[in-house]
Amino acid sequence: MSEGKRYQLGTIGALSLSVVSSVSIVICNKALISTLGFTFATTLTSWHLLVTFCSLHIALWMKWFEHKPFDPRAVMGFGILNGTSIGLLNLSLGFNSVGFYQMTKLAIIPCTVLLETLFFRKLFSRNVQISLTVLLMGVGIATVTDLQLNVLGSVLSLLAVITTCVAQIMTNTIQKKFKVSSTQLLYQSCPYQAITLFVTGPFVDGLLTNQNVFAFNYTPQVLAFIVLSCLISVSVNFSTFLVIGKTSPVTYQVLGHLKTCLVLAFGYVLLRDPFSWRNILGILIAIVGMVLYSYCCNLESQQKASAEAAQISQAKETESDPLLSVENGGGILAEGGVASAPGWNSNKDLHA
(Lines of atoms letter the chains of each structure in order from A and count residues from 1; the text may use other names and numbers.)
(Lines give C-alpha, C1' and ligand atoms only; values in the text may rest on other atoms or scores of the structure.)
Protein backbone atom coordinates (compact mmCIF):
# COMPACT_ATOMS: atom_id res chain seq x y z
CA MET A 1 0.00 0.00 0.00
CA SER A 2 1.37 3.42 -0.99
CA GLU A 3 2.17 6.08 1.58
CA GLY A 4 -0.62 8.33 0.24
CA LYS A 5 -3.26 5.64 0.67
CA ARG A 6 -2.02 4.83 4.18
CA TYR A 7 -2.26 8.53 5.05
CA GLN A 8 -5.82 8.72 3.68
CA LEU A 9 -6.87 5.63 5.65
CA GLY A 10 -5.29 7.08 8.78
CA THR A 11 -7.17 10.35 8.28
CA ILE A 12 -10.48 8.56 7.73
CA GLY A 13 -9.85 6.46 10.84
CA ALA A 14 -9.07 9.57 12.91
CA LEU A 15 -12.23 11.34 11.69
CA SER A 16 -14.39 8.28 12.40
CA LEU A 17 -12.91 7.81 15.88
CA SER A 18 -13.51 11.49 16.66
CA VAL A 19 -17.16 11.35 15.56
CA VAL A 20 -18.01 8.11 17.39
CA SER A 21 -16.23 9.04 20.63
CA SER A 22 -17.57 12.62 20.71
CA VAL A 23 -21.18 11.62 20.09
CA SER A 24 -20.83 8.88 22.75
CA ILE A 25 -19.47 11.26 25.39
CA VAL A 26 -22.16 13.85 24.64
CA ILE A 27 -24.89 11.25 25.20
CA CYS A 28 -23.16 10.03 28.39
CA ASN A 29 -22.67 13.56 29.76
CA LYS A 30 -26.23 14.52 28.88
CA ALA A 31 -27.49 11.66 31.05
CA LEU A 32 -25.03 12.64 33.79
CA ILE A 33 -25.96 16.34 33.77
CA SER A 34 -29.65 16.35 32.82
CA THR A 35 -30.84 13.13 34.46
CA LEU A 36 -28.52 12.73 37.45
CA GLY A 37 -28.01 16.45 38.16
CA PHE A 38 -24.20 16.49 38.03
CA THR A 39 -23.77 19.96 36.46
CA PHE A 40 -20.06 20.51 37.15
CA ALA A 41 -18.83 20.42 33.55
CA THR A 42 -15.48 22.20 34.03
CA THR A 43 -14.42 20.02 36.96
CA LEU A 44 -15.52 16.93 35.01
CA THR A 45 -13.29 18.02 32.12
CA SER A 46 -10.30 18.27 34.46
CA TRP A 47 -10.96 14.66 35.52
CA HIS A 48 -11.17 13.70 31.83
CA LEU A 49 -7.72 15.15 31.21
CA LEU A 50 -6.27 13.55 34.33
CA VAL A 51 -7.52 10.10 33.26
CA THR A 52 -6.21 10.74 29.73
CA PHE A 53 -2.75 11.54 31.09
CA CYS A 54 -2.74 8.40 33.28
CA SER A 55 -3.85 6.27 30.32
CA LEU A 56 -1.09 7.71 28.11
CA HIS A 57 1.47 7.18 30.89
CA ILE A 58 0.50 3.50 30.98
CA ALA A 59 0.76 3.36 27.18
CA LEU A 60 4.24 4.92 27.41
CA TRP A 61 5.26 2.39 30.05
CA MET A 62 4.08 -0.38 27.71
CA LYS A 63 6.16 1.27 24.93
CA TRP A 64 3.18 1.93 22.65
CA PHE A 65 4.69 5.29 21.77
CA GLU A 66 7.98 7.11 22.30
CA HIS A 67 8.34 10.08 24.64
CA LYS A 68 9.83 13.03 22.75
CA PRO A 69 10.47 16.09 24.96
CA PHE A 70 10.61 19.48 23.26
CA ASP A 71 10.37 23.18 24.17
CA PRO A 72 8.88 23.12 27.73
CA ARG A 73 7.69 26.73 27.50
CA ALA A 74 5.72 25.97 24.34
CA VAL A 75 4.14 22.92 26.01
CA MET A 76 3.23 24.83 29.17
CA GLY A 77 1.79 27.79 27.27
CA PHE A 78 -0.18 25.53 24.96
CA GLY A 79 -1.56 23.44 27.84
CA ILE A 80 -2.64 26.44 29.90
CA LEU A 81 -4.20 28.11 26.85
CA ASN A 82 -6.13 24.95 25.98
CA GLY A 83 -7.43 24.61 29.53
CA THR A 84 -8.38 28.31 29.61
CA SER A 85 -10.33 28.03 26.36
CA ILE A 86 -12.39 25.16 27.79
CA GLY A 87 -13.20 27.15 30.92
CA LEU A 88 -14.17 30.22 28.87
CA LEU A 89 -16.49 28.17 26.65
CA ASN A 90 -18.26 26.86 29.75
CA LEU A 91 -18.54 30.39 31.16
CA SER A 92 -19.87 31.60 27.81
CA LEU A 93 -22.60 28.97 27.96
CA GLY A 94 -23.41 29.93 31.54
CA PHE A 95 -23.67 33.69 30.97
CA ASN A 96 -25.41 33.59 27.56
CA SER A 97 -28.52 32.09 26.09
CA VAL A 98 -28.15 28.73 24.31
CA GLY A 99 -28.74 30.46 20.96
CA PHE A 100 -25.94 32.99 21.52
CA TYR A 101 -23.62 30.19 22.68
CA GLN A 102 -24.30 28.34 19.42
CA MET A 103 -23.46 31.53 17.53
CA THR A 104 -20.19 31.63 19.48
CA LYS A 105 -19.32 28.13 18.29
CA LEU A 106 -20.25 29.06 14.71
CA ALA A 107 -17.88 32.05 14.90
CA ILE A 108 -14.87 29.78 15.50
CA ILE A 109 -14.55 28.78 11.82
CA PRO A 110 -14.50 32.34 10.37
CA CYS A 111 -12.13 33.43 13.13
CA THR A 112 -9.78 30.50 12.42
CA VAL A 113 -9.83 31.27 8.69
CA LEU A 114 -9.03 34.93 9.44
CA LEU A 115 -6.15 34.12 11.80
CA GLU A 116 -4.59 31.56 9.44
CA THR A 117 -4.88 34.00 6.54
CA LEU A 118 -3.34 36.92 8.45
CA PHE A 119 -0.55 35.15 10.36
CA PHE A 120 0.20 32.03 8.29
CA ARG A 121 -0.58 33.37 4.79
CA LYS A 122 -2.85 30.37 4.20
CA LEU A 123 -5.19 30.82 1.26
CA PHE A 124 -8.74 29.45 1.21
CA SER A 125 -10.27 29.09 -2.25
CA ARG A 126 -13.62 30.64 -3.11
CA ASN A 127 -15.20 27.17 -3.34
CA VAL A 128 -14.05 26.31 0.20
CA GLN A 129 -15.36 29.64 1.49
CA ILE A 130 -18.76 29.05 -0.15
CA SER A 131 -19.00 25.51 1.27
CA LEU A 132 -18.15 26.78 4.77
CA THR A 133 -20.81 29.49 4.44
CA VAL A 134 -23.44 26.89 3.48
CA LEU A 135 -22.37 24.69 6.41
CA LEU A 136 -22.53 27.51 8.97
CA MET A 137 -25.91 28.66 7.63
CA GLY A 138 -27.30 25.14 8.01
CA VAL A 139 -25.98 24.63 11.53
CA GLY A 140 -27.26 28.09 12.46
CA ILE A 141 -30.77 27.27 11.22
CA ALA A 142 -30.74 23.97 13.11
CA THR A 143 -29.36 25.15 16.44
CA VAL A 144 -29.74 28.91 16.95
CA THR A 145 -33.14 29.64 18.50
CA ASP A 146 -32.79 32.80 20.58
CA LEU A 147 -30.22 35.59 20.77
CA GLN A 148 -30.11 37.39 24.11
CA LEU A 149 -27.12 39.72 24.42
CA ASN A 150 -25.36 40.99 27.54
CA VAL A 151 -22.00 42.71 27.97
CA LEU A 152 -20.32 40.12 30.23
CA GLY A 153 -21.55 37.19 28.16
CA SER A 154 -20.39 38.84 24.92
CA VAL A 155 -16.90 39.50 26.32
CA LEU A 156 -16.61 35.91 27.57
CA SER A 157 -17.75 34.60 24.17
CA LEU A 158 -15.20 36.75 22.35
CA LEU A 159 -12.40 35.50 24.61
CA ALA A 160 -13.61 31.90 24.21
CA VAL A 161 -13.58 32.16 20.41
CA ILE A 162 -10.08 33.70 20.27
CA THR A 163 -8.48 31.27 22.74
CA THR A 164 -10.14 28.25 21.08
CA CYS A 165 -8.96 29.31 17.62
CA VAL A 166 -5.40 29.98 18.76
CA ALA A 167 -5.24 26.71 20.74
CA GLN A 168 -6.43 24.65 17.76
CA ILE A 169 -4.05 26.38 15.37
CA MET A 170 -1.21 25.72 17.85
CA THR A 171 -2.21 22.04 18.02
CA ASN A 172 -1.51 21.79 14.30
CA THR A 173 1.58 24.03 14.10
CA ILE A 174 3.36 22.54 17.15
CA GLN A 175 3.06 19.00 15.76
CA LYS A 176 4.59 20.12 12.46
CA LYS A 177 7.21 22.49 13.87
CA PHE A 178 8.64 20.11 16.48
CA LYS A 179 7.82 16.95 14.47
CA VAL A 180 5.91 15.32 17.32
CA SER A 181 2.92 13.03 17.02
CA SER A 182 -0.53 13.82 18.39
CA THR A 183 0.05 11.29 21.19
CA GLN A 184 3.36 12.88 22.20
CA LEU A 185 1.86 16.37 22.27
CA LEU A 186 -1.22 15.26 24.20
CA TYR A 187 0.90 13.39 26.76
CA GLN A 188 3.09 16.40 27.50
CA SER A 189 0.34 19.05 27.52
CA CYS A 190 -2.30 17.07 29.44
CA PRO A 191 -0.91 17.80 32.93
CA TYR A 192 -0.99 21.57 32.35
CA GLN A 193 -4.54 21.42 30.97
CA ALA A 194 -5.69 19.23 33.86
CA ILE A 195 -4.07 21.44 36.52
CA THR A 196 -5.53 24.61 34.97
CA LEU A 197 -9.05 23.19 35.02
CA PHE A 198 -8.65 21.37 38.33
CA VAL A 199 -7.75 24.65 40.05
CA THR A 200 -10.32 26.85 38.28
CA GLY A 201 -13.03 24.23 37.74
CA PRO A 202 -14.70 24.28 41.19
CA PHE A 203 -14.76 28.09 41.13
CA VAL A 204 -16.21 28.26 37.59
CA ASP A 205 -18.79 25.55 38.33
CA GLY A 206 -19.74 27.20 41.61
CA LEU A 207 -20.21 30.51 39.82
CA LEU A 208 -22.46 28.91 37.20
CA THR A 209 -24.47 26.51 39.38
CA ASN A 210 -24.31 27.99 42.91
CA GLN A 211 -23.36 24.51 44.12
CA ASN A 212 -20.21 22.95 45.57
CA VAL A 213 -18.79 20.06 43.55
CA PHE A 214 -17.25 18.54 46.69
CA ALA A 215 -20.59 18.58 48.54
CA PHE A 216 -22.47 16.73 45.79
CA ASN A 217 -24.13 13.40 46.61
CA TYR A 218 -22.04 10.88 44.66
CA THR A 219 -24.34 7.88 44.31
CA PRO A 220 -23.05 4.65 42.68
CA GLN A 221 -24.97 5.54 39.50
CA VAL A 222 -23.36 8.98 39.32
CA LEU A 223 -19.90 7.49 39.90
CA ALA A 224 -20.51 4.88 37.18
CA PHE A 225 -21.40 7.55 34.62
CA ILE A 226 -18.41 9.69 35.68
CA VAL A 227 -16.05 6.74 35.18
CA LEU A 228 -17.64 5.94 31.81
CA SER A 229 -17.35 9.60 30.73
CA CYS A 230 -13.68 9.70 31.74
CA LEU A 231 -12.91 6.50 29.81
CA ILE A 232 -14.60 7.80 26.65
CA SER A 233 -12.75 11.12 27.04
CA VAL A 234 -9.42 9.35 26.46
CA SER A 235 -10.57 8.55 22.93
CA VAL A 236 -12.07 12.03 22.48
CA ASN A 237 -8.86 13.85 23.49
CA PHE A 238 -6.63 11.54 21.48
CA SER A 239 -8.76 11.81 18.32
CA THR A 240 -9.00 15.61 18.65
CA PHE A 241 -5.21 16.04 18.50
CA LEU A 242 -4.98 13.36 15.81
CA VAL A 243 -7.55 15.00 13.53
CA ILE A 244 -6.11 18.52 13.87
CA GLY A 245 -2.60 17.20 13.26
CA LYS A 246 -3.57 15.20 10.17
CA THR A 247 -5.95 17.78 8.67
CA SER A 248 -6.40 21.38 9.89
CA PRO A 249 -8.20 23.37 12.62
CA VAL A 250 -10.92 24.36 10.10
CA THR A 251 -11.55 20.73 9.13
CA TYR A 252 -11.79 19.83 12.81
CA GLN A 253 -14.44 22.51 13.31
CA VAL A 254 -16.37 21.23 10.28
CA LEU A 255 -16.23 17.79 11.87
CA GLY A 256 -17.48 19.33 15.12
CA HIS A 257 -20.59 20.65 13.38
CA LEU A 258 -21.20 17.19 11.91
CA LYS A 259 -21.15 15.88 15.49
CA THR A 260 -23.70 18.57 16.45
CA CYS A 261 -26.05 17.38 13.70
CA LEU A 262 -25.60 13.76 14.78
CA VAL A 263 -26.23 14.63 18.42
CA LEU A 264 -29.48 16.39 17.43
CA ALA A 265 -30.55 13.36 15.41
CA PHE A 266 -29.63 10.87 18.16
CA GLY A 267 -31.37 13.04 20.74
CA TYR A 268 -34.56 12.85 18.72
CA VAL A 269 -34.31 9.11 17.98
CA LEU A 270 -33.07 7.85 21.36
CA LEU A 271 -34.21 10.46 23.88
CA ARG A 272 -37.31 11.77 22.07
CA ASP A 273 -36.04 15.35 22.24
CA PRO A 274 -38.28 17.91 20.51
CA PHE A 275 -37.52 18.14 16.80
CA SER A 276 -38.95 20.54 14.22
CA TRP A 277 -38.87 21.01 10.48
CA ARG A 278 -36.40 23.84 11.08
CA ASN A 279 -33.98 21.38 12.68
CA ILE A 280 -34.38 18.98 9.74
CA LEU A 281 -33.88 21.75 7.16
CA GLY A 282 -30.81 23.08 8.97
CA ILE A 283 -29.22 19.64 9.24
CA LEU A 284 -29.81 18.95 5.54
CA ILE A 285 -28.26 22.29 4.53
CA ALA A 286 -25.32 21.64 6.87
CA ILE A 287 -24.77 18.19 5.32
CA VAL A 288 -24.70 19.79 1.84
CA GLY A 289 -22.06 22.23 3.11
CA MET A 290 -19.98 19.39 4.59
CA VAL A 291 -20.14 17.39 1.36
CA LEU A 292 -19.10 20.46 -0.67
CA TYR A 293 -16.25 21.19 1.75
CA SER A 294 -15.00 17.59 1.59
CA TYR A 295 -15.22 17.58 -2.22
CA CYS A 296 -13.37 20.90 -2.56
CA CYS A 297 -10.62 19.90 -0.13
CA ASN A 298 -10.17 16.53 -1.82
CA LEU A 299 -10.05 18.15 -5.28
CA GLU A 300 -7.48 20.73 -4.17
CA SER A 301 -5.37 18.02 -2.52
CA GLN A 302 -5.35 15.99 -5.74
CA GLN A 303 -4.42 19.07 -7.80
CA LYS A 304 -1.62 19.91 -5.39
CA ALA A 305 -0.32 16.31 -5.46
CA SER A 306 -0.42 16.29 -9.29
CA ALA A 307 1.47 19.59 -9.47
CA GLU A 308 4.14 18.34 -7.06
CA ALA A 309 4.48 15.07 -8.99
CA ALA A 310 4.86 16.99 -12.25
CA GLN A 311 7.58 19.20 -10.74
CA ILE A 312 9.49 16.17 -9.43
CA SER A 313 9.18 14.42 -12.79
CA GLN A 314 10.39 17.51 -14.66
CA ALA A 315 13.35 17.88 -12.29
CA LYS A 316 14.36 14.24 -12.84
CA GLU A 317 14.11 14.62 -16.62
CA THR A 318 16.28 17.75 -16.49
CA GLU A 319 18.92 15.92 -14.45
CA SER A 320 18.91 12.83 -16.67
CA ASP A 321 18.92 14.60 -20.11
CA PRO A 322 21.87 16.96 -20.69
CA LEU A 323 20.21 18.34 -23.85
CA LEU A 324 17.54 19.91 -21.66
CA SER A 325 20.27 21.68 -19.74
CA VAL A 326 21.65 23.05 -23.02
CA GLU A 327 18.28 24.39 -24.10
CA ASN A 328 17.75 25.96 -20.68
CA GLY A 329 21.12 27.74 -20.93
CA GLY A 330 23.05 25.41 -18.69
CA GLY A 331 25.88 24.48 -21.11
CA ILE A 332 27.40 21.01 -21.74
CA LEU A 333 30.77 19.48 -21.11
CA ALA A 334 33.01 19.52 -24.15
CA GLU A 335 35.96 17.22 -24.68
CA GLY A 336 38.49 17.61 -21.94
CA GLY A 337 35.84 18.39 -19.33
CA VAL A 338 35.54 22.11 -20.12
CA ALA A 339 32.01 23.52 -20.12
CA SER A 340 31.11 25.14 -23.39
CA ALA A 341 28.48 27.83 -23.80
CA PRO A 342 25.08 26.73 -25.06
CA GLY A 343 24.93 27.00 -28.84
CA TRP A 344 22.24 28.48 -31.06
CA ASN A 345 19.88 25.77 -32.23
CA SER A 346 18.68 27.01 -35.58
CA ASN A 347 16.88 23.77 -36.41
CA LYS A 348 14.73 24.15 -33.30
CA ASP A 349 13.71 27.64 -34.41
CA LEU A 350 12.85 26.37 -37.88
CA HIS A 351 10.63 23.61 -36.49
CA ALA A 352 8.90 25.90 -33.97
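Quick reminder: no glycine exception, Cβ is built from N, Cα and C everywhere.
Within the same chain, residues 39, 41, 44, 222, 225-226, 228-229, 232-233, 235-236, 238-240, 242-243, 246-247, 252, 255-256, 258-259, 262-263, 266-267, 270-271 sit at least 6 positions outside the transmembrane segment (12-33) and bring their C-beta atoms closer than 8 Å to a C-beta of that stretch. Positions annotated as transmembrane segment by TrEMBL: 12-33 (among others).
Mean predicted confidence for the domain 'Sugar phosphate transporter' (21-294): the pLDDT average there is 89. The domain 'Sugar phosphate transporter' annotation in TrEMBL covers 21-294.
The transmembrane segment annotation in TrEMBL covers 45-62 (among others). Panel annotation: around the transmembrane segment (45-62), residues 83, 86, 90, 183, 186-187, 190-191, 193-194, 196-198, 201, 226, 229-231, 233-234, 236-238 of the same chain, lying at least six beyond its termini, place a Cβ under 8 Å from a Cβ of the stretch.
Marked as transmembrane segment by TrEMBL: 74-93 (among others). Within its own chain, the transmembrane segment (74-93) has Cβ neighbours under 8 Å at 41-42, 45, 49, 101, 104, 153, 156-157, 159-160, 163-164, 166-167, 170-171, 174, 178, 185, 188-197, 200-201, 204, 207-208, counting only residues six or more beyond its boundaries.
Here the transmembrane segment (127-145) has long-range neighbours at 98-99, 102-103, 106, 109-110, 113, 250, 254, 257, 260-261, 264, 278-279, 281-290, 292-293, 295-297, 300, meaning same-chain residues at least 6 beyond its ends whose C-beta is under 8 angstroms from one of its own. According to TrEMBL, the feature transmembrane segment maps to 127-145 (among others).
Taken from TrEMBL, the feature transmembrane segment applies to 151-170 (among others). Sequence-remote contacts of a segment are chain residues at least 6 beyond its ends whose Cβ falls under 8 Å from one of its Cβ atoms, and for the transmembrane segment (151-170) they are 78, 81-82, 84-85, 88-89, 91-92, 95-96, 100-101, 103-104, 107-108, 111-112, 115-116, 120, 244, 249, 252-253.
What TrEMBL lists as transmembrane segment is 222-244 (among others).
Under the heading transmembrane segment, TrEMBL lists 250-270 (among others). Sequence-remote contacts of a segment are chain residues at least 6 beyond its ends whose Cβ falls under 8 Å from one of its Cβ atoms, and for the transmembrane segment (250-270) they are 15, 18-19, 22-23, 26-27, 30, 105, 108-109, 112-113, 116, 124, 132, 135-136, 139, 142-143, 168, 240, 243-244, 279, 283, 286-287, 290, 293, 297.
What TrEMBL records for 277-295 (among others) is transmembrane segment.
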